[in-house]
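What TrEMBL says about this protein:
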TRANSMEM  B:66-86  transmembrane segment
TRANSMEM  B:98-119  transmembrane segment
TRANSMEM  B:125-144  transmembrane segment
TRANSMEM  B:156-176  transmembrane segment
TRANSMEM  B:200-223  transmembrane segment
TRANSMEM  B:244-271  transmembrane segment
TRANSMEM  B:283-304  transmembrane segment
TRANSMEM  B:316-335  transmembrane segment
Amino acid sequence: MTSRIRSAALVAASLALPLSACGGSSEAEPASGADAPSGPWSFTDGSGEEVTLDETPTRIIAHAGAARALMSFGIEPVAIYADESVDSDPNLRDLDLDGIEIIGEEWGKIDVEKAASLRPDLIVADWWPAEEAHSGVENGVEATSKKIAELAPMVGATQGESILALAEGYEDLAKSLGADVDDAEIAADKERFEEVRAEFEEVATSRDDLSVYAMSPYEDKVYVANPEFAPELLDFIAWGLDLKAPETPDPDFPYWETLSMENADKYQPDLILWDDRDDLDNVAELNADYGEQQPTWFSIKAAEAGAVASWPAFWLHTYGDYADQLEQLTEAIRDADGTVGD
Amino acid sequence: MGTESRRRAPLLAAGLVALLALVVALAFVSLTQGSRDIAFADAMRALLTLQAGDTMDGTVTLELRVPRTILGILVGAALGLAGAVLQGVTRNPLADPGIMGINAGAALFVVVAIAWLGITHVQGYVWFGMAGALVATVIVYTIASMGREGATPVKLALAGVAVTAGFASVTSAVMVTRTDVLDQIRFWQVGSLAGRYEPVVLGVAPFLLLGTVAALACGRTLNGLALGEDTARGLGIDVRRARWATFAVVTVLAGAATAACGPIVFVGLVIPHVARFVCGPDYRWILPYSLALGPVVLLLADVVGRLVARPGEVQVGVLLCVLGAPAFIAVVRWGRLAEL
Amino acid sequence: MTTLDQLRDVRRSRRVRATAVTLSLTGLALGLFVVTLLVGSFRLSLGEVFGSVTHLVDDPAVDFIVRDLRLPVAVSALCVGAALGASGTIFQQLLRNPLASPDFVGVSAGASVAAVAGIVLWGTTSLVTCFLALGGAIVGSLLMYVLAWRDGISGYRFILIGIGVAATFEGITGYLLTRATVFDAREAIHWLTGTVGRADDAQQYALAASLVVLLPLAVLLQRQLRLLELGDDTARGLGGRTELAKVGLISLAVLLIALATAVAGPIAFVALVAGPLAQRLLGPAAGGILPAALVGAALLLGADLVATQLLPVALPTGVVTGALGAPYLVWLLATANREGQGG
């Protein structure tokens, strides 16, 4: 949920208008990287509904996050739609997008016509339980965008309680589509994730002196995340991190508690998880810049001390990415000074 | 006019002092009200010593509320004065930097400067704000002046609306195509005092102060122009030069104000009318009254905007649009458009 | 030749020109309609499109693109443009002022504020939003009528007050957006950008059906009004009926603009530009509602093609019409002023 929240805020506050992909219309070949098994296919969608097809789908259109997940298992979609520019979407970074059509670079706008011309047999996108919709066809998008669901069945793993569940969901989906999930390289990712996760759990559990908040400082507001609605934060808590929830989440919009800059010092954590989805792996600089712009940001002692770590707010879909992020976070937790916020 | 205004002078002076006192009082409210509860004594200590004293209360007072309040005073005064000068030089009761498209021009130029010229500091784009204000003024005034009867109120207002619509269209097209710089740009969509701190204040203050002083010096010229071109010439005023000089003053005031806060409309329209209602036609009084009334309106709108939508806030630009547009309607409906 | 003959000649040549212009405008609008069906990311031949529209050939892939994707956009642009053009020219003629178009004064703004209030405050569905927009447009026009009335409606006072009313509504819309949760705000912003082809089928059918009824009605009413106004002496006796016809026409215009706004969101300048453009083409036989509606349809279809196909980045239709319309408006004012007809 969170991922859309802030980009939605951005759209809302800015009257940002859609950019849609208008590239050349080179036909992409069906490009599934794996040997697709033929015969009947079925998958249980995040919504709980079981989707069955006579043939295993090979021409897949995927939402950016789902595409990253599928591609990590070697399943290549024929087209991708994203909620933001391909260059800035963290889900699409470092991916080889050659031969894949981009049919959307703005929330709410999908070039369904191009989608139709690719004759997809499956649409893959995260299922959002709160909105009861897949990414791309939720309420508020253009009526034409919603028609993508008429092209082919839409399935996806559920965005809810755990990123791990999400990654596992896409693993299952990739397997059903013919990916060799036991392939050495793919399996290595998963193994590494298990190791990293175990270490994270060990370190996090041992640091019960540490209080942590996840925050999204943006313009002249600080948004303090309510972990209840953020799968990766729920994961961290489940694995022993003392990640605190804000006391009074906004009544209309409980995903966050919004603090004005005058009250930026309300919480004094020892470590801040910084929502850096717009500018990855750069939290130290983001923190310094923000402190320069906003005179009261450094009233949070952890911010002043530079005790910030990257919070991969809502774009993680794969074991590999999750392992990288957890590794960083483990380091940050290990090094954190438990007395900063006291 | 002379003896009459001389007789009323003490009264008007007293009124002006009272208004300035009101500005101080409102500034005080603006400094002490906010989403954070700060004890009166703490706020005073910070204000009197100018030391944040390493406390959050001190920092909030000095670094968040003081710049915001100063900006409110400066921009309010600038917009009030710009409106008064504009109404005087065009002899037009509907003249206002917002209605005439001057703010929209400034906003467009600022947005372009940020989007394509990579200018991110207010010291840089304040120049673009003023350039945009100048371009808009020239276009609107030229269109409105075409024809025999010159720039009538209606023609000026209509040309202003047309140019505003055009500029706004281009501005939103820039926004659409440059989503990467949207964060910085969207400040200029609605006028607001929020989130502007010391650098913004320091960046525009010299221009606003300069423009204010220059505007206050225009009183005699505007009085002369008000009597008609021929009489003004008889009084030894170089009408052409006077007109361009006053437009330059408006450009600096409205351009710098917009660069700081984004477009705020209707303040410049309403305030000179109130001032004229109180002091009569003498611009030597109208100008200082506009100077004092502008901050009153802007600070009041800002404080109200902070209180009505807690914990969020309503931007002054939005609030003043809702409150100012009916005033515009009232001037059109009940005002005597031909006079001035 | 007698005067009567001359008069008859003039009338005939006017009628010929009017017919020719109307026919070629119909051709242009239809042509653009077909182009809208033809172009897109997927190349289709004229035959394929024709076969699909007429249900002569069944090819699921083509049918989906033509019937489900392109046809709604084309129909919506056609209907919205026609409604805007008709509505604009009715306003302009009755108020005798080229600036008195409903998108320039507060009618569209009234529709917008009501629609945004619906989305933000009560989370209304699209059809209810449609009705709210209608209500907002009616309230907006009544408000302007009341405020501008002083021994009749003077053109320029009406326009300036309309601009003031529009500004008030825009301010309120801004306020509503600051109070909205971001999800609602996102939806409201989308609504406010003004794009054809966003509406769902129910709204489009509603607009198309209303257009079929309202447009001929407006043409009939206008003809009657002309007759009433021409017959000087009798018309004086029929003053009440003239007023009635005027009120009827204005109501139709409000309905049309409200429906158009409800379907496509606020689209700038089409209503303003369509009437005067049609007038220019028609020459002395000016004033028809139908030609203005056709110009409106052609303009919007063209603007949508430019917005979605020609530009390197797709823009909302409203931005394109705004960028084209504003210079026209400036030019209109400049000419009016130079000719000494400005206010």
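The first residue you see is number 1, and the count goes up from there.
Just so it is clear, glycine is given a Cβ too, placed from its N, Cα and C backbone atoms.
Here the transmembrane segment (B:283-304) sits apart from the transmembrane segment (B:98-119); fewer than 3 CB pairs are under 8 Å, leaving out pairs fewer than 6 apart in sequence. The stretches the transmembrane segment (B:66-86) and the transmembrane segment (B:156-176) do not meet in space: the count of Cβ pairs below 8 angstroms, excluding pairs fewer than 6 apart in sequence, stays at fewer than three. Fewer than three CB pairs closer than 8 A are found between the transmembrane segment (B:98-119) and the transmembrane segment (B:200-223), and contact between the two stretches is not assigned (pairs 6 or more residues apart).
The transmembrane segment (B:244-271) makes no contact with the transmembrane segment (B:156-176), as judged by fewer than three Cβ pairs under 8 Å among residues 6 or more apart in sequence.
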